[in-house]
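Peer 1: So TrEMBL says this about it:
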type	residues	note
DOMAIN	36-322	domain 'Tr-type G'
BINDING	45-52, 109-113, 163-166	GTP binding site
Amino acid sequence: MISCLLARPGRSVVKISHDVSSMRFYASASKAFSTPKTRNIGIIAHIDAGKTTTTERMLYYAGVTKRLGDIDDGDTVMDYLKAERERGITINSAAITFGWKDHRLNLIDTPGHVDFTMEVERSVRVLDGAVTILDGVAGVEAQTETVWRQADRYSLPRLAFVNKLDRTGGAFGRTVQEIWKKLQARPLVTQLPCYYDDATRKGCLAAVIDVVDMKVLEWTSDDGHSWTATALTKDAPTYDEAVLARTALVETLAEMDEAIVDVFFDQADGDHMQVPAVAIKDAIRRVTLDNKAVPVLCGSAFKNIGVQPLLDAIVDYLPSPLDRPAALATINDQRTQLMIPLKENASLCALAFKVTHDPRRGPMVYVKVYAGKLAQRATLFNTTTRSKERANKLLQMYAKDVEEIPAIEAGNIGVIVGLKHTRTGDTLVMANDRQAVKTNLQLGHIDIPSPAFFAAIEPHSVSDEPAVEEALQHLTREDPSLKVWTDEDSGQRLISGMGELHLEIVKDRLINDFKCKADMGKMRISYRESCQADGLATYQYDKEILGKRARASVTVSISSNLDQETLDDNEDKGWASESGNLFKIDLGQFGNEENHQDGAGEGCLSTDEIYQAVHTGLMSGFARGAVLGFPLTRVKVRVSNLEFYGPETTAGAISASVSHAVHQALSSASPNLLEPMMEVVTEVHEADIGHVVADLSGTRRGHVLSMESTLDENRDLDNATEVQHRIKAHVPLSSMLGYSSGLRSLTGGSGSFSMRVIGYGEMGKDRERAVVNEMKGW
Ligand SMILES: Nc1nc2c(ncn2[C@@H]2O[C@H](COP(=O)(O)OP(=O)(O)OP(=O)(O)O)[C@@H](O)[C@H]2O)c(=O)[nH]1
């Protein structure tokens, strides 16, 4: 345990200026800061780690807000949706711009709950760096690992802030070890927590030691505005620990950075304490930008300790957009890859990464400009929807407040008002950029995970239907992980989402934000369907539409792919994969004259169009299983013997034939239901482990895969009760309903868990029958 006596006489105090008004940052900001002085930063972490509390402090110290927002009082700037304030959680990634030390910070506070992982994914891809907030008591929690991996995918340089060190059980050393062990990242300890040692306040967090500058940082006003940085003298009780930490920091940097080795020998005579702070900071910046290491800071956002140095570290260690690799785009329908270097005097290339609906302004599209300059009133072209759009107004966001700006430059994030059709994930270029329009330039799309739950949306009356429909359109445009469709049997409108909380929020927003008169039915699991045997069907399509006769015939064979043969196993034999299914379209006979009887197809449909029509039919066949109409997965389908007659046989007729043939083949192949299987990672104290394992493997029908303790040899025995055990299990989603409250009662509120869909498993005939009966209301 690090401790120090703060009341030491004769120390040299450096007073740091905290004039709030000088940091106020609104209208002039967008002009005053160049790209190298921009930081597009996300705050990512497990639920409740303190992301919003930390962000609120940042805004206060930067002068954006005049009072400290409090999660527990429901008055934060960042969590401004009613649903967020009521629940005390972040749902929407709020974006805010503010100034700090002559830099512009575009900050996005992301949600920590597993149901909103998509929201994190959307933000992470446009960020240049991230701050990971860790709960210093719980350490590296399960969802932190998930968001860390998301950030890994985009090679985002990161900082870690070990928060909540004011709480009993706060363990800085253990959390740093977990960064190494669980996140496989190299921690660079740049600060140490410092605790009171006197009788009345023993163990309370007093200050932070900066081991780079060798200073004690103390906060001297209740709101954390005033703070002092005092040189750490040799007689201070924490001096020796600070020397050890600085030595370790320089040694670690020397393993990764040659420049610091030169400074160490040439300027510091091989003495770790003589290495200038500025050289250490430069080395930290280099290894952080190269993703070789993660600087670690500490404090307590709630107690207003450590937030200003964290802001300094964002400026000092995280990248500007110019430090990041060029963005990757594709042209010619994703066949060719292209680099988009960040340049202002280049053709515009921007990505819409988020859409929200503002009742007054209409749709607000958040964009990151990767190249060029987006000017107000520009006529844009959306290469994803292939439509023209006009950017009526450009805004800079200060959470829910806004400032109108004339342009968004390359590397910056802003909001466009006036786009009618743009959705999350779309690429925007200038409408007069003929090359980009012609080649269909696209910045990579975001993978949307399969939805796990769905529910019926029931307007109170027929007259309420249009308003509900409009609200659903807004919601799905904002959030691509929501899907709305109509059940063919019941005619009900259904909506699916990532989890129970996700759909609960949709219901809340329909009623409270969009003022719709509607109910949401019971939440149900989004099953998948497959087959257990082989099936074969030849479908004859023969229809007269407006006096024209269209005829086609196609054969489909289907078999189960429960063994999950991969595309790699089959690719060389002409198989392709989509939505977890394998398919092969035998195009051989299309070129054969005798199959184009009566001259059909000749001059009407090209081979490409025929292939596309068959593909569309297959996808429509895959969308609806034969048991309850859930999408198909893990089937292997082959399409052959396509024949069609007469020029009246359109692509639509071919697609319909294929889709019907899939359905017929499936019906004869012993169709069955599959249920979503979850990988559940639960973290509990030692005392609760027995109940939690018994619950997972008994009542919840799970299969426990591993149990691992976060205990290590160097642990602090004082914190033994806080040692966590991590249980990994595979559990059917249907057994995980209400697990949050179940785990809370089993662990007295101390357990936490995260889960994700890992696939779909067979569920046994009895359970399948019960599900079918329930769904059909039998
Ligand atoms: N003791 C203590 N409590 C804290 C600290 N930081 C945050 N909290 C409390 O922890 C709880 C969660 O804080 P949030 O800031 O909402 O956490 P979050 O990570 O934004 O949570 P989500 O947005 O829901 O993922 C609140 O009750 C905060 O008051 C801290 O440094 N010390």
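Including glycine, each Cβ sits where the backbone N, Cα and C put it.
TrEMBL annotations: computationally assigned, not manually curated.
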Peer 1: Please list, in sequence order, the residues in the chain of L165 (GTP binding site) that are at least six apart in sequence and whose C-beta is under 8 Å away from its C-beta.
Peer 2: G136, F172, P193, L205, C298, G299, S300, I305
Peer 1: Around ligand 1, within a Cβ distance of under 6 Å, which of the binding-site residues D48, K51, T110, L165 show up?
Peer 2: D48, K51
Peer 1: Per DSSP, to which secondary structure element type does D48 (GTP binding site) belong, with helix, strand and coil as the options?
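Peer 2: Coil, per DSSP.
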Peer 1: Please work out the number of neighbouring Cβ atoms within 10 Å of the Cβ of A45 (GTP binding site), leaving out its own Cβ.
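Peer 2: The answer is 29 other Cβ atoms.
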Peer 1: Among the binding-site residues listed here (D48, K51, T110), identify the one with the smallest other-Cβ count within 10 Å.
Peer 2: D48
Peer 1: Looking at the domain 'Tr-type G' (36-322) alone, can you tell me the average pLDDT?
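Peer 2: Taking every residue in the domain 'Tr-type G' (36-322) and averaging pLDDT yields 88.
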